[in-house]
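Reviewing the structure listed below.
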């Protein structure tokens, strides 16, 4: 049945369109965009006072399936995505087993087709078993539908292997995503190395663990002339390295998570295990630097690094707790609160980093509002504030440091392929 | 002045007035230890559970004695052979013991913040008996007590803490405590065992023991914790001894009336030669005695009065 979105402010970063328009959806696609589309015999969404944006795209989601269905599944993760306004999520391959074989890529697609509310795109591993020893069958993984490659959670520390991956991926036109962290510097670290790791007696993860890894990857990128996406930048110098590489003309893109542009290592003083993630929360100067990186385009996209863990796993002492926090359902709120309201980005610029920019990295034509395009849309109220409540999460896990926060930007409707997959109750 | 806290988790969040109040309270308990009958009925009917998830002799015995001297009932629990080995979590273990109706937990744990977790989740007093490399507040309080007893003051004193600072909760708690009471603290050790940005805690850093000892009133030697080293050990214990052992010649660089302290257990012949550990400047055993009195005071302040 046709769906008419009436009177919303259509903001499409790809075209720069920013005006109050009606959008008619038919057969899962955008049929018409106009000042006024007649509403007879159609289901109508009154979007007046709301923003209609292309559906958000998350390049960095952990769905935990197969292997850790107690933490999250493709189904529950997709529900969380829908609530957060994401219509496409890229599933990281560090599952059990890791996605290093075409049959596993197919499994993710099959499972998504069966139960996912949003589009789920599998990322496959760079190395077989994520062991960092030899390349996974990247060509066959691509044919099976993998949209990128990453050993996320681990850096490919073997430089020769990383060189091969960068070279090989050139014939596949897919992004190579690097989790930049030299584990010989991270060691047993659980938080940013600095004043607070010292006073709290917790082992530190130095910023140099990220910077050394980025630097090596960029050197290899220059050598191979390939392309590279740097995941979750967290340090000031990391941003600077990417900025310089872009200036030199290297084909590098990068991302930052909402928690890294919002929180600092100060938060760890609470010993709340939901402040523990990799890379860790850094310092004020780093938060400022990633903000600057977002502003000047060094950082192309915002990605959540949604990493669910159960209450049982997180309700332990700080050292024993696993790394990672969920992020799909709080991303928009943090983007508006921390970036738009503080003047770092305009709302349009921020939306670009959630829509058309990740689409470009994937080499896909999604993330835009135009006639004929797949109807993936997010309708939100940029003014309305809401409270982050543990019970309200649609993710199977609730490991968020933002519980209790008041956030602006309430997602009211999420539409995937023309179907309403989320509707706010209030 | 009064002490209104539910828990004692660290020195960092105590005010100088609270520290002084605890030390003054400890003075009257110290006196009890010299009596023929070393017991008062202060905590009769109260139950304290000592949870030790890390090996400890001195601290654990000291707490148990303090509890007994106050007439409290004491339960002791160590992780060896307990249900921890069966996968029970810290919080679950504590909740189960709490269900048997105890009034206080004394917790020693390898993870910084473990006592804070119990304090946050449970409506019962929690005393931090050492959480990883974070804090060991009762140790620092007994050190402050002992120094004040000997020197009559803390303000204006110069103290050197020597050894593995990175892994030492005793160092951190003493840095906070001595600093709050107006002393000057220097830390000294090989650069691999000095944590980053420690200067911001208000201390001076030196890699030379000779330089660190110059004119100090108090020397606190730390144990080289072989069991905690991961890649940051000095190349060898012999080399460590050569640079950081407190020899007679080095001790002469400190003030004539300098005190030598150690939180124990001492690696005799490594950081501290036996002659100095047992010498006239050593107050190591006074620290141990005072530890019981200080812990009595803390138990009393947390449990003995209506909050």
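Quick reminder: no glycine exception, Cβ is built from N, Cα and C everywhere.
Keep in mind that TrEMBL annotations are predicted by a computer and have not been checked by a curator.
The candidate list B:30, B:108, B:241 contains one residue that TrEMBL assigns to the carbamoyl phosphate site with B:58, B:59, B:136, B:139, B:264, B:265, namely B:108. Filtering of the binding-site residues B:58, B:139, B:169, B:265 by Cβ separation from chain A (threshold: under 8 Å) yields B:169, ordered along the sequence. The binding-site residues examined here are B:264, B:265; by Cβ neighbour count within 10 Å, the least packed of them is B:265. Every protein chain shown contributes to the tally, and the Cβ of residue B:169 (L-aspartate binding site) ends up with 22 other Cβ atoms within 10 Å.
Listed binding-site residues: B:59, B:139. The one with the lowest count of other Cβ atoms within 10 Å of its Cβ is B:59.
When other Cβ atoms within 10 Å of the Cβ of residue B:108 (carbamoyl phosphate binding site) are tallied across all protein chains shown, the result is 25.
Counted over every protein chain shown, other Cβ atoms within 10 Å are most numerous around B:136 among the binding-site residues B:58, B:136, B:223. Highlighted in sequence order, B:56, B:57, B:62, B:129, B:130, B:170, B:263 have their Cβ within 8 Å of the centre of the Cβ atoms of B:58, B:59, B:108, B:136, B:139, B:264, B:265, the residues recorded for carbamoyl phosphate, and are not part of that set.
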